[in-house]
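Features of the protein shown, as given by Swiss-Prot:
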- H63: active site (ACT_SITE)
- D105: active site (ACT_SITE)
- Y43, G45, G47, D64: Ca(2+) binding site (BINDING)
- C42-C131: disulfide bond (DISULFID)
- C44-C60: disulfide bond (DISULFID)
- C59-C111: disulfide bond (DISULFID)
- C65-C138: disulfide bond (DISULFID)
- C66-C104: disulfide bond (DISULFID)
- C73-C97: disulfide bond (DISULFID)
- C91-C102: disulfide bond (DISULFID)
- 1-16: signal peptide (SIGNAL)
Amino acid sequence: MRTLWIVAVWLIGVEGSVIEFGTMIIEETGRSPFPFYTSYGCYCGLGGKGKPKDDTDRCCFVHDCCYGSMPDCSPKTDIYRYHRENGEIICESGTSCEKRICECDKAAAVCFRENLKTYKNKYMVYPDSLCKEESEKC
């Protein structure tokens, strides 16, 4: 079952340390990354183009921008460690890249939680072909 979950998370395009980011999302939202954030809107999942459809999609847009701001790091493969204190995610010390990747993932997971009330099922498994507007700059 754990292997299936790992494969599902990988297929949705979650970057960074798949296990840690997926766990953060579950802890913050009570929802599994798959299927809720697999291909939500124009930015959740692999790639991203167009204008974010809502605040949840904007979380993914900002997450993509965060990863893009660290060209010397490998957010798709670097593994980081974190723990929780009083309910808050604390990124542990590691390399500078690991810490920055963790902070990007933390911000996205918290953003997902903060926008649970406005999550729209109509944007879950949203076709890329509908993301036609000009992309915003980070």
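Placement of Cβ uses the backbone N, Cα and C atoms for every residue, glycine included.
Sequence features, as recorded in Swiss-Prot, placed on the structure.
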residue	record	contacts (Cβ under 8 Å, 6+ apart)
C59	disulfide bond	C44, A108, C111, F112, N115
C60	disulfide bond	Y37, Y40, G41, Y43, C44, G45, G48, P52, A108
H63	active site	Y43, C104, D105, A107, A108, C111
C65	disulfide bond	C138
C97	disulfide bond	M70, D72, C73, S74, P75, D78
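A distance of 11 Å separates the Cα atom of D64 (Ca(2+) binding site) from that of C42 (disulfide bond). Comparing CA positions across the recorded positions G47, C66, C91, C102, the one lying closest to C131 (disulfide bond) turns out to be G47. Rounded to a whole number, the C-alpha distance linking C102 (disulfide bond) with C42 (disulfide bond) is 23 angstrom. Taking Cα separation as the measure, C91 (disulfide bond) is nearest to C66 of the recorded positions C42, G47, C66. Residue with the densest Cβ environment among the disulfide-bonded residues C66, C91, C104, C138: C104, by other Cβ atoms within 10 Å. Other Cβ atoms within 10 Å of the Cβ of C42 (disulfide bond), summed over all protein chains shown, number 26.
A simple Cβ count within 10 Å picks out one of the disulfide-bonded residues C73, C102, C111, C131 as the most packed, and that one is C102. Ranked by Cβ neighbours within 10 A across all protein chains shown, the recorded positions D64, D105 are led by D105. Between the binding-site residues G45, G47, the minimum number of other C-beta atoms within 10 Å of a residue's C-beta occurs at G47.
The DSSP secondary structure for G45 (Ca(2+) binding site) is coil.
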